[in-house]
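Record features (TrEMBL):
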| type | residues | note |
| --- | --- | --- |
| DOMAIN | 342-435 | domain 'Transglutaminase-like' |
| ACT_SITE | C350 | active site |
| ACT_SITE | H409 | active site |
| ACT_SITE | D432 | active site |
| BINDING | N472, D474, E521, E526 | Ca(2+) binding site |
Amino acid sequence: MPRFSNHPGRYGPLFTRQQPPSTLVFRNSSLPFYNYMTTAHYYIYGNGSTEALVTPARPNVELKQEAANPDTDKVLTVVLVDFKIPSNTKTHKTDKFDIVKSKTNPKLVVRRGLSFLIDVTFSKDYDESKDDVRVVFDIGENPLVSKGTNVEFILSDEDRPKEWGAKIVSQKGKVLTLEIFTPPSCLVGKWKLKLDVVKKENNTVSIYRYEHKDAIYILFNPWCKDDSVYMSNDRLLKEYVLNETGFIYSGNKNSITPKPWNFGQFETCILDVALYLLDISELKWEVRGNPINVVRKISALVNSSDEGGVLAGNWSGDYRGGRSPLSWTGSAAILEEYWQTKCPVKFGQCWVFSGLSTTICRALGIPARSVTNYASAHDTDGSITIDVHFTSDGASNDALNYDSIWNFHVWNEAWMARPDLPNGYGGWQAFDATPQEASDYVYCCGPTSVAAVKQGEVNLPYDGPFVFAEVNADRIYWVPDSEGKLKSVYTDKRLIGKNISTKAANSDDREDITLTYKSEEGSAEERVAVLRANQVGSNRKDIYIQKSNDIEFSVDQDESATFVGGNFELRFRMKNGGVEVRTVTGRIEVKSMYYTGVVAEPVTSNPFGPVTINPGEEQSVFVVATQADYDGKLKDCCMLDVTIWAVVQETEQYFTKKDDFRLRKPHLAIKAPSEAVSGQQFTVDVSFTNPLNRDLTNCYVVVDGLAQSFKFPQTNVAANSTFMATLPIIPTKVGKTDLIISFNSDQLEDINVSHHILLKK
């Protein structure tokens, strides 16, 4: 056993610190020397000279100062520490990080709860019977044992897999191989390693300290059973931690579109950015090993609404001074710009915030994925209902419509245990970096247990009512009666929360995860969850009471055949299932809209009726919007809002419906090799046909997924003509990846495609 003891009484208070006076000059080559028997502190330099002596005010203490030029050959000191980066990073599944492969200054990145090896070279042969070596790990600006930011331990001959420790593995002369153990609850960040050689002579304890110039990055470890982010399925870990590319879904519930995205979590600056964000958040060091606290901070720091975050949101359609959110193809370019400027990058919308959040979580070792919810409710008042108001003649009363339904909304899920919640509510946790509503006075959301949301248990931390409303609110339609008093005329229980989607693990397919958020729509379990959730929100039971109706209304529209440039056609059906004649009047309005559900410009407005419908008969009203109707009015995502209002004159049966439809963008064709050599140029051909009766201006193509993003300016594309371009590309990455290409212009944005490619050395 080593002679040195961790007990403070054996050699005195070994690590009592005395701050030197402001006049003391420090040098990088210094080795500190402490006389602990007198608590006098010496700083001994490499040449053996003593530059300064710091002595606390302690009366009646005789100080014994070290000789000015000690015989350093007799003193064991640490000369060099080899972090064994290639072998350690392979074992820890961190070898894909660019910073571990740097040719000039590689860094060690490891995962907590799993040991790693280092080689320590001493000035002479290490003798376990005579030499005591102490290992010190520090993190943060003011390391303290009480905060878990300072850890000190001695060499041992025992394994310590669940706590800090160091074991001697082997010795070859002056080189000692140590196995370093870190606990599975270790704080995540950049730790400084120091090695102290302890000598005791003539009642004086001397410590010769070696401090490594590079920090050791210690991350969460989802492969470790004792880590709170542990995930048992290696196939899922390959996707949710190690996969650098994927899809983020957009469009609407009837036209789901995968947007290729380069998460790039292993690229050069990404890990440093992630840890920097935690630093500027002032997240307390003692909770930086807790994924609950870390993920909640990430949801606040990815947006720039508070705390100097990464990305500025913009839903105005005016992106001067920045980039259109649709033009981004990955996270790395955004985080690299932020790292260089430390200023918010302009601009983003929900899928960009989500892509960044996935990148940061995966970089830190937290399993994460981007999740898209279609027909996603934005409940502004916490009622867990979405209220829509109409005037007496069927026009939308936007002055009263504060709630909205986004065509799609993208948030994130992170995998972790939730010991702060009842059993069964760990696993996937929803969190959202898009700044929608403040939580605890900060624009953040989550983490919220997905399993708790499904049960309607919305009173648990964090932000349960808001997330529940996004996926399972009821939409209530209101009209004024003859006295002007608002009354609910229709409740749509099946509109919100459709086709909740994420990329399937290790596949290009879409995985539908709707049933993880709620039971089958209309089932007893789903209704019970809604009522349970409403106990902490709105409790307006009368809105669920509906009159009997004999007219059946339905809407037909084939989005799969509706492209930008073509006609938008809709059919409104009315069928009389009763035994008496009915008369229906109403209005159908079509407007362009943003994907957030905010209407933009009117396209067509079509009052109809009175329409007489005999018993058993069906009548239809048709609406057609041509390119001439919507030209110049479409917004970023080419969405249309359709509002239908109808009333049966004889019974005052109302039908109200708001729905969104999407005009499909043209397909970007690609011709590219399946293999290429890193560092050597290859070409990619892309093409599509402009479907508009106007030129496309300010055109450019973005290429991502090859370790850096390329932007190729293009000439204008004439109306109804074919665009073709050959793009020269020099990749710097090695391995399997996705080549992501996006065409953008003022008139049409984000016409994209992805292509699998193997980049060889």
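For all residues, glycine too, the Cβ spot is worked out from N, Cα and C.
Caution: TrEMBL annotation is automatic and unverified by curators.
D432 (active site) sits 23 Å from E526 (Ca(2+) binding site), taking the C-alpha atoms as the reference points.
Of all the recorded positions given, namely C350, N472, D474, E521, E526, those whose Cα is no farther than the 10 Å limit from the Cα of H409 (active site) are C350. Separating the Cα atoms of E521 (Ca(2+) binding site) and C350 (active site) is a whole-number distance of 26 Å.
Here the CA atom of N472 (Ca(2+) binding site) lies 19 Å from the CA atom of C350 (active site). Helix, strand and coil counts under DSSP for the domain 'Transglutaminase-like' (342-435) come to 18 helix, 40 strand, 36 coil. Taking the mean position of the Cβ atoms of N472, D474, E521, E526 as the Ca(2+) site, the remaining residues of that chain whose Cβ falls within 8 Å of it are A473, K493, R494, I496, G497, K518, G522, R527, A529, V530. Highest Cβ count within 10 Å among the recorded positions D432, D474, E521, E526: D432. The C-beta environment of N472 (Ca(2+) binding site), restricted to residues of the same chain at least 6 apart in sequence and closer than 8 Å, consists of V453, I496, G497, Y517, K518, E526, A529, V530, A533.
According to its DSSP assignment, D474 (Ca(2+) binding site) is in a strand. Within the model, the domain 'Transglutaminase-like' (342-435) carries an average pLDDT of 93.
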